[in-house]
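Peer 1: Have a look at this one before I ask anything.
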Amino acid sequence: MELLFASAVGILTAAGLYLVMRQRTFPVILGISLLSYAVNLFLFASGRLAVNMPPVLLKGVEDFTDPLPQALVLTAIVISFGMTAVVVMLSLGAYLSARSDRIDLNDTEKTGDTRQ
Amino acid sequence: MNHWIIAPVIVPALIAALIVLSMRNQLMLQRIFSAFSTALLLAISLGLAWQAADGTITSYELGNWPAPFGIVLVLDRLSALMAVLTSVLALPVLLYAIGSEWDSRGTHFHALFQFQLMGIFGAFLTGDAFNLFVFFEVLLIASYGLMIHGGGTRRLRAGVQYVVFNLLGSTLFLFALGTLYAVTGTLNMADMAARVAEIPAAESAMLRVGAVLLLLVFAIKAALLPLHFWLPATYAEAPAPIAALFAIMTKVGAYAILRMHTLVFGPEIDITADIIGQLVLGAGLITLAIGMVGILGATGLGRMAAFAVIGSMGTLMVGMAGFTEQTTSATLYYLVHSTLAGAAMFLVVDLVRERRADDGLHPGPAMGQHGLVTALFFGAAIAVAGMPPLSGFIGKLLILDAVRDLPEVWAIWSVILVTSLIAIVGLARAGSVVFWKTETGPTGRRLRARQQPKLPLVVTCGMMGTVALLAVFAGPMSAYLDATAQQLFDREAYISAVLPEGGQP
């Protein structure tokens, strides 16, 4: 299971990084989303992987999983969700205003280029 | 229990919510409440500084949860100093924004401003690593809104870059925190410091990765090379009062490096001590060089001010890299100075922009209040370049003096001195092109002058006055900073203030 989990985090991170380095805002936003999925999984695993364990201390239960990373992941999910919404709105605004969705600030580029 | 520590977070949060909910269309009320809140924050942070001045470290447990489990806010000399600096900067910047009517060029300026202050104060006061992340996000999301305040194509596009870069930074922050949590099993900074000291060198690979990842995150915030790419466009395109407020944002990164890498990964922790100092020093030297060369190469005053911020961050990091009490004290003095001087520079640039419609380096007709604006630019340039008599000179002198015992002293001295010369040349060129020569334009070009409001000029003069005061009171200031640095390197005192029972549950 560790191998599966680790490769999932790795592949998500690699794909996210590749997309983030694209020139247009849409793939960059997708890349950021993939990276945030990767980091959520990573945070989840930072309390060690444990299956079918209760996350709270109970009397008579010896083995339990660490509840703190789950709380961290919840916080991280909420924040990254909000941030994704912000960046989508912002890049839509920039696209509608500049008629171009390239992410760099090169003044010499052709405007009116809407190819995705 | 003393509840004042939480006040700098609570007050702006409440006021901002009030502004959004009940006075969304009444600009005058917004201004009154926002100014009242910022003045109140100044009073509170001065009170906190007075409380921390005698060397006590106060720990405040949120919701009364005991320390390693709940979130703590910690007030020591350093965080009190940063809180005072924030509010001393925020009040004039807010008055400038009101006076120049920047706040009426879009909606929600004042609410976002208060949320921004909430995030900055929270980041300075928290004693919990994950809480630091949360406050970083609070100040970032407010800064996204402020950065694009007023709109405009170039500003929006620079805003997209800024947001994307910082989202990547946040992701990296979470990776770093996950790594550190996996190794130490805690996120409370004091608890983490106690546990890191106990980890044997053979099992420290993950810890070193976490420490360097964390350094990378803060280096993005502090705009250290090669992670500075977001800064010039952002600062040059952002509304000038906001760029002036952002002068404290790079210092949030510097503060976080100072805090984490003295407390948790301090110089006496063998496993990380050898990498952190070297990385910070190298990055600082290159940042300093690029920043000052950028001043020389900039084509507009806005970008020039932005590169001046990068250069000052480089100086700051070079000073910080020694991680000794002496260098830290000198660095803190330069930090206070560079925040105020950088902000003053942005305000002066905005005064020019308001009068000339652009900030390009070319001669133009005489501006309204030409002499006063020129004098203000001259003063800000002296402060930024680090020439006597203003505080930049004292700051650089303190840093040069403090690094004398380090092995890399020759590299540091030569880079700082040569880049100072480059900065002076660049600033002198910009000043003489923009202010010295005046073209006699078509008649009536000076008419704009009469409509310029007074308050922005008064505020900018006040900022320059603060920089001058910093030079006048350099003696008492550096006595306080010496005590701050001493307290910073006394890890045991911090840990025992947060965890009275020794921290092992």
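Keep in mind that glycine also has a Cβ here, set from the backbone N, Cα and C atoms.
From TrEMBL, for reference:
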TRANSMEM  B:6-23  transmembrane segment
TRANSMEM  B:35-53  transmembrane segment
TRANSMEM  B:109-126  transmembrane segment
DOMAIN    B:128-422  domain 'NADH:quinone oxidoreductase/Mrp antiporter transmembrane'
TRANSMEM  B:132-150  transmembrane segment
TRANSMEM  B:162-183  transmembrane segment
TRANSMEM  B:209-231  transmembrane segment
TRANSMEM  B:238-258  transmembrane segment
TRANSMEM  B:278-298  transmembrane segment
TRANSMEM  B:330-352  transmembrane segment
TRANSMEM  B:372-390  transmembrane segment
TRANSMEM  B:410-436  transmembrane segment
TRANSMEM  B:457-481  transmembrane segment
Peer 1: Should anything in the same chain at least six residues away from the transmembrane segment (B:6-23) have a Cβ under 8 Å from its Cβ atoms, list it; otherwise answer none.
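Peer 2: That would be 29-30, 33-34, 36-37, 40-41, 44-45, 48, 60, 62, 73, 83, 87, 108, 110-115, 117-118, 121-122, 125.
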Peer 1: Which sequence positions outside the transmembrane segment (B:238-258), separated from its termini by at least 6 residues, show Cβ-Cβ distances below 8 Å to it?
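Peer 2: Contacts with the transmembrane segment (B:238-258): 78, 82, 85-86, 89-90, 93-94, 96-97, 100, 102, 105, 113, 116, 120, 123-124, 132, 136, 139, 143, 146-147, 149-150, 155, 158, 215, 218-224, 231, 280, 302, 305-306, 309, 313, 316-317, 320, 328, 331, 335, 338-340, 342-344, 346-347, 349-350, 353, 488.
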Peer 1: Assess whether the transmembrane segment (B:410-436) lies in contact with the transmembrane segment (B:278-298), where contact requires at least three Cβ pairs under 8 Å among residues 6 or more apart in sequence.
Peer 2: yes
Peer 1: Relative to the transmembrane segment (B:330-352), which of B:109-126, B:209-231, B:278-298, B:457-481 accounts for the most Cβ pairs at distances under 8 Å?
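Peer 2: Answer, by Cβ pair count: B:457-481.
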